[in-house]
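Enquirer: Please find one structure pasted underneath; my questions will follow.
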Amino acid sequence: MQQKNKYIRIQEFLKQNKFPDFRMNQIKNAVFQGRINHFNEITVLPKSLRKLLIEEFGESILNIAPLKVQHSEQVTKVLFEISGDEKIETVNMKYKAGWESFCISSQCGCHFGCKFCATGDIGLKRNLTSDEMTDQILYFHLKGHSIDSISFMGMGEALANVQVFDALHVLTNPELFALSPRRLSISTIGIIPGIKKITQDYPQVNLTFSLHSPFNEQRSKLMPINERYPLLEVMDTLDEHIRVTSRKVYIAYIMLPGVNDSIDHANEVVNLLRSRYKRGNLFHVNIIRYNPTVSSPMRFEEVNEKQVVNFYKKLKSAGINVTVRSQFGIDIDAACGQLYGNYQKNKNQ
């Protein structure tokens with residue numbers, strides 16, 4: 001059974017105790033306009049109500065606890081403790097233009113076992129609740145950060161957790177975080193039912209598909225989910241998403257040295273995408289340099305920059321929209337595929 005988010009529970013609590021509707025509005029305004037975290041500091045509420053709220057929900061609105069904060073150039077990574085003594089990580093990236101982007105986790109661990117990912121190596125501990133996902137953003141909001149964009153690209157597979165859709169509702173609710181759906185991004189390894197639900201319920205949310213190999217057999221070895229949802233079936237689902245939404249789909253491609261960075265791979269990516277451009281030039285490849293991890297199932301060599309450039313040029317010359325993604329936070333294990341791996345390794349020693 002899906003757990004109701006805290007904002008619904010607070011509203012129901014107020015109604016059950018016969019408080020007027022405007023009290024909920026006062027709480028929302030205190031949190032999202034005044035950046036107030038503790039019920040006792042919402043002084044527009046009667047003291048008696050504050051006492052009842054604390055007894056029912058605890059002292060603070062935020063229900064996850066920051067344990068460790070690490071800083072690197074343009075990047076902050078926070079390790080949070082959630083219920084059950086489990087841990088998750090969130091990354092804040094600050095761009096030189098002033099834009100702030102947040103990479104949040106949707107699961108504690110991940111059971112899909114992609115061979116290049118530290119998070120997948122620890123297995124799935126549990127799905128996060130809607131509150132645990134949105135609280136990662138609330139933490140930064142309460143500290144005065146500008147919430148410019150959010151990616152569900154942290155720990156876990158977002159579309160394997162049904163609570164993600166309630167989190168999207170909370171984040172886009174005009175009375176709560178009030179974010180435009182176009183400032184939100186969902187990354188998936190290819191969970192077809194989840195992609196279809198995004199198409200139907202959140203067509204303006206950005207969608208990223210983790211490809212990492214255009215060859216079906218190799219992709220199955222790197223990403224076992226390909227056995228359940230084969231590449232071409234996923235691509236057909238993405239075609240339908242584009243047809244319905246007229247929105248761009250991003251293709252993430254991690255360059256694994258000596259594994260998937262050859263010109264043959266580049267040519268096959270071109271073949272995979274170019275035939276689909278009849279619906280518009282709406283696939284965009286993001287090339288991601290492999291980030292070394294302490295505990296991924298397979299080890300890979302350092303990225304060959306020449307191969308990255310050659311791969312990029314091959315796609316570009318074929319008319320494919322392509323970008324080489326900038327790297328942030330590698331030194332604090334905050335980059336793609338690194339989250340939680342180093343903490344888990346240290347914990348087990």
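Backbone N, Cα and C atoms are what each Cβ position is placed from, and that goes for glycine too.
Predicted, not measured: the structure shown is a model, and the values here were computed from it.
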Enquirer: Of the candidates Ser180, Ser185, Ser187, Ser275, which one does Swiss-Prot list alongside Gly156, Glu157, Ser210, Leu211, His212, Asn291 as binding S-adenosyl-L-methionine?
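Expert: Among Ser180, Ser185, Ser187, Ser275, only Ser187 appears alongside Gly156, Glu157, Ser210, Leu211, His212, Asn291 as S-adenosyl-L-methionine-binding in Swiss-Prot.
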Enquirer: For each of the binding-site residues (Ser187, Ser210, Asn291), count the other CB atoms lying within 10 A of its CB, then report the residue with the highest count.
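Expert: That would be Ser210, with the highest Cβ count within 10 Å.
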Enquirer: Which residues does Glu157 (S-adenosyl-L-methionine binding site) neighbour through Cβ under 8 Å, counting only same-chain ones at least six apart?
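Expert: Residues satisfying the criterion: Ser106, Gln107, Cys110, Phe112, Thr188, Ile189, Ile191.
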Enquirer: Looking at the domain 'Radical SAM core' (96-331) alone, can you tell me the average pLDDT?
Expert: 92
Enquirer: Name the residues of the same chain, 6+ apart in sequence, whose Cβ is under 8 Å from the Cβ of Leu211 (S-adenosyl-L-methionine binding site)?
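Expert: Result: Arg219, Leu231, Ile251, Ala252, Tyr253, Val269.
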Enquirer: Could you tally the C-beta atoms, other than its own, that fall within 10 angstroms of the C-beta of Cys110 ([4Fe-4S] cluster binding site)?
Expert: 25
